[in-house]
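Trainee: Take a look at the following structure, please.
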Amino acid sequence: MNDVRFSVDLVADVVQMWSQPFMVTAFRAGTIVAVLSALTGWLVVLRRQTFVAHTLSAVGFPGAAGATLLGVGALTGYFAFCLAAAAVIALLGGRGVGRHGHESALVGTIQGFLLACGFVFVALYRGFLNGTNALLFGSFLGITGGQVTVLAVLAVPVLALLAVAGRPLLFASTDPETARAAGVPVRALDLGFLLVLGATVAAVASITGALLVFALLVLPAATAQRITARPARGLALSVLFGLVAVWSALTATYYSPCPLGFWLTSIAFAGFVAAAGIRAGLDRRHRRGRPVRTFPRDGLPGSERIAQ
């Protein structure tokens, strides 16, 4: 937004920004996207499946490109490719998806193949080249009220599934072997979570683009886990950081010529660096403040008997 600048009156600036219908729509979509990504992303980081999340984010691009080539909506392509890739990773990855080397190789293979398919789809449909940037980086400021409604409808079942399966999923994510011994269906939860992740990526990517969704999934959640390991607090902080990043990025984009993707990733990354620095400082202070145990001059009690 090159023609808009801050003034001395900050209240007037905010009122002026909110008087624009497209900004109100963008903030509504951003709120849904931030909450959905933060909650799902917290589990992604906890389960150490960020590479899987990156792959699902990347395969959204060939999905949307293929859907456009076939003359159907891009959202259909996002869901088809993301859910299919999630199912393949879950079914072929074996137990503990994302925790072994052969599973990482499988994820990388799927990503490389589907990205190659995306470039083929672009080459086959030349008219699609003009919209490639929107599919990769989204068009937050150009979405419609109908898209926000669709996003909200898609978010409801995803959040409902996370709420219902949250406790056993947390158990299976932190200690899968014990959970399996306790009768928790770990394999089914692995498959279910990856399908939920695929649906989240598809829904969010339809607004943010195929590349920015990864930043929203990982950075707020990773920042929250730097601060606390408690699930309830971590989930709340992840949502808070996601909202702050999205809202701040939208505001900065409105008042500057820089694109939304730059502000979003920069703000989220700055928060992660700050949290990591604070955590490192607190850990260092804790180690320095811990009393050092020393032995008495004449040794430990009973050492004289050992010496004899």
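Positions of Cβ are set from backbone N, Cα and C atoms, glycine also.
Pulled from TrEMBL, these are the listed features:
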- 26-46: transmembrane segment (TRANSMEM)
- 67-93: transmembrane segment (TRANSMEM)
- 105-125: transmembrane segment (TRANSMEM)
- 137-165: transmembrane segment (TRANSMEM)
- 193-222: transmembrane segment (TRANSMEM)
- 234-255: transmembrane segment (TRANSMEM)
- 261-282: transmembrane segment (TRANSMEM)
Trainee: How about the transmembrane segment (67-93) and the transmembrane segment (193-222): do they have 3 or more C-beta pairs under 8 A, pairs 6 or more apart in sequence?
Mentor: yes
Trainee: Does the transmembrane segment (137-165) come near the transmembrane segment (193-222), with 3+ Cβ pairs under 8 Å (pairs 6 or more apart)?
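Mentor: Yes; at least 3 Cβ pairs under 8 Å.
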Trainee: Six or more residues beyond either end and a Cβ under 8 Å away: which residues meet both conditions relative to the transmembrane segment (234-255)?
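Mentor: For the transmembrane segment (234-255), the sequence-distant neighbours (Cβ-Cβ under 8 Å, at least 6 residues beyond its ends) are 1, 4-6, 13, 17, 20, 23, 26-27, 30-31, 33-35, 37-39, 41-42, 140-141, 216, 219-221, 223-225, 227-228, 263-264, 267-268, 271.
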